[in-house]
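Visitor: According to TrEMBL:
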DOMAIN    35-116  domain 'Manganese/iron superoxide dismutase N-terminal'
BINDING   H60, H108, D193, H197  Mn(2+) binding site
DOMAIN    123-226  domain 'Manganese/iron superoxide dismutase C-terminal'
Amino acid sequence: MQDFVSCGPLHKNDGVTCTSRKLVPALGSLGSRQKHSLPDLQYDYGALEPYINAQIMQLHHSKHHAAYVNNLNVTEEKYQEALAKGDVTAQIALQPALKFNGGGHINHTIFWTNLSPNGGGEPKGELLDAIKRDFGSFDKFKEKLTAVSAGVQGSGWGWLGFNKDQGRLQIVACPNQDPLQGTTGLIPLLGIDVWEHAYYLQYKNVRPDYLKAIWNVINWENVSERYMACKK
């Protein structure tokens, strides 16, 4: 069974300590499983305007993310039953739903903290130094992450991740709701959601306009905290 790993706790979005959470052991304790919950935002739905409007934020958080949470809880209950029965076939059949809904919950929990009404500009300190080291300059980094995110076919995410083994930053794209660390091993620092539900109501089908705007609300303080925590 695949591990789902996040930089920060799944239930709250106010932490950045790197943690690894295996779903199977959590499911294996009958009657003691704690359900996942939708994390509260640290800002109002309209706080990111004009770059991301309130209607998008409300639907994205209260409907889309909530659906991932609800479906993850339902799937875990079914998986728990399959474990209790020793039904390996059912366990295998449920893994795609665990990956999709678990990834959706992990990805969005990170995403909300990556955004801030006081965001934008450039990072500072060690994160900026690492970006310049690994990408040449902040502008080149920004250009590359934008291009990778724009190039996602269909739905998915553009990510800045930390390769702990190599000690360097990497930019990758993940399809659908694949969680970055659980599928690539990279620790997530900054994720850009390029599912159409993240921008369509405001930017229609022009994803590049959304990607240009989102840089104005990137919470570099949060990204830097994630980097420092995962660098240890």
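Just so it is clear, glycine is given a Cβ too, placed from its N, Cα and C backbone atoms.
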Visitor: Centre the Cβ atoms of H60, H108, D193, H197, go out 8 Å, and tell me which other residues of that chain have a Cβ in range of the Mn(2+) site.
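Guide: Result: H61, H64, H65, F111, W195, A198.
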Visitor: Report the mean pLDDT of the predicted model across the domain 'Manganese/iron superoxide dismutase C-terminal' (123-226), rounded to a whole number.
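Guide: Within the domain 'Manganese/iron superoxide dismutase C-terminal' (123-226), the model's average pLDDT equals 98.
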Visitor: I'd like to know which of the binding-site residues H60, H108, H197 has the most other Cβ atoms within 10 Å of its Cβ.
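Guide: Its Cβ has the most other Cβ atoms within 10 Å: H108.
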Visitor: Tell me the residue counts in helix, strand and coil for the domain 'Manganese/iron superoxide dismutase C-terminal' (123-226), as DSSP assigns them.
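Guide: DSSP classes over the domain 'Manganese/iron superoxide dismutase C-terminal' (123-226) add up to 54 helix, 24 strand, 26 coil.
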